[in-house]
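Noted in TrEMBL for the protein shown:
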COMPBIAS  39-60  compositional bias 'Polar residues'
DOMAIN    380-415  domain 'EF-hand'
DOMAIN    416-451  domain 'EF-hand'
REGION    1-23  region 'Disordered'
REGION    36-69  region 'Disordered'
Amino acid sequence: RVPCLDLGRLGDSDEEDGDSYMPYTGRYPHTCRLDSPSDWKTSLQKPYAQHQQAPQQKTIPENLPPPTDRYKLKYRQYQADRKEEYKQYSQRIAEKKKDQLQRPEASIKDTQLEDAHNDGLTALDEKALLQQCYTSKPYNMQHSIRKSEAEDVAAERRKQAVIEQVMVDQLSRAVISDPEQSTRGDVSKEAHGLLGFGTGPMRLRKRTLHETKIRTKSGLTENMLSNKLRFDSRIISRNGRDACRELIGFFFACDRSLTVYEFRQFGKNRTNALPFIQKGVYQHQRGQKKGKAYNLTDFYIGANLTFRSVDHNLPESVKQNPVLTLRVTGIDEAAMDFLKASSMEFKQECSKQVADNSEVFKKVQGLCILRKTLSKRGVRVITGLGKYFRNVDKARSGFLSRADFKEALKVFHLEITEGDFESLWLILDDSKSGKVEYGEFIRAVFGEMNEYRKAFVRKAYMKLDFNKTGSVPMVDISKCYCAKKHPLVMAGKATEEEIKSSFLETLGESCSNPNEVSYSEFEDYYEGLSIGIMDDQDFINILRNPWGI
């Protein structure tokens, strides 16, 4: 006799519950006698086999009351509603398939804006208007917050890296190596007639301790450099490589000097900040303040900072224009408020910000004829003008004469009075050279999108032009453009390929080379599209949805 479990009793508990075994308590209720090893094996396997073969059935209580009439009525209504919804869904799917099979080419034209047909728009105008439908938010709220936070953190890291580099560059120059030390001795000796013929300058000769000044005028301390205004800027240029340069500048209140640094990203982890405009006191080169030194009142979003190109070590593409123009795209508001409170000059000139002849520009841009023409034809007019100017400019200098601009206005049926045109020309041709950069002329006549919108246009183009060559092949644009979130595609009224082909066709019409898109052509396209969109957020969504920025 050997002790054993009452396996039959454990199996009975499983049959009653249907889903669990009775827990083993470790007690032996009785003993059993096994005549052979086969009996032992059979007794162990029998309950497990019974458990495997037993069907798992749901237990239904025996005393369950029957459903009430009210419950039966609700259930019948629920069934009817579900059947009707499924029927309507099946009909919609069938109609969409039928429309796509019968009218694949007319699906876009039938879904245009209702007023587009009544204004005599061309086919290119109607296809360009399709891009204005991307006004829905591309991301949910949580994704948008997470994406914006990541962008803010990356931007703050870039600015902090540039600030540290500026402080290192300005403070690491010791007084003994200051350029002022190299000229002071020569000036004093020349005044006393001691500087003989053939004698080299002080920087090439041995300087004694008595000829060294303890403290120079340009000697700076960290406290002096801390009173600075940081501002973001960009180059106003038709060259894509130059227009997408990331520039961060600083205006120092202690000596009214400024400097501009360029932030460069090499791969994911390597960055560098190099001086683009060396630290110094500079004057306006254009406008009503020409010849006056820059002060705190000259820095605000949308302000233009002008410099002579020959005075700086700039890239050759930038030096083609004798005047370098930087547009301020953002400023450090906290630093500006602090400097305002501590600057007596700013309090006296607070309300005297001069927007260079803005009244004349506003008068021309506010003409009813121009606004009516550009309301729905902005893309065709702006891109067409840019293409026309590039074809006329045989020398590729970017400048055209007065006669060329008048002829262009006549070709595109843009009516500007002779008096307004002369006032405009006097402002633009301030150097009296007889020629004006045609990008500047377009901005003066039609205006331009604000810096908030322009930043997203640059971000989209920089995503496409990852090699920073200034032009993007049309094949890459076709690969990157995504029409999945277009309202007509989501409603089933147009395919992704139709929306993409309409965009590529309108963009290709504005390009001088149909196989590639330059930055100026890309910017002109969205410049024209921006005219008909009043809300900034709608315009940003138009860029975010197809480009994923």
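Heads up, the Cβ atoms here are built off N, Cα and C, so glycines get one too.
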I'm checking region-level scores; what's the whole-number mean pLDDT for the domain 'EF-hand' (416-451)? 83
By DSSP, what is the split of the domain 'EF-hand' (380-415) into helix, strand and coil residues? 23 helix, 3 strand, 10 coil
Within the domain 'EF-hand' (416-451), count helix residues (DSSP H, G, I), strand residues (E, B) and coil residues, in that order. 21 helix, 3 strand, 12 coil
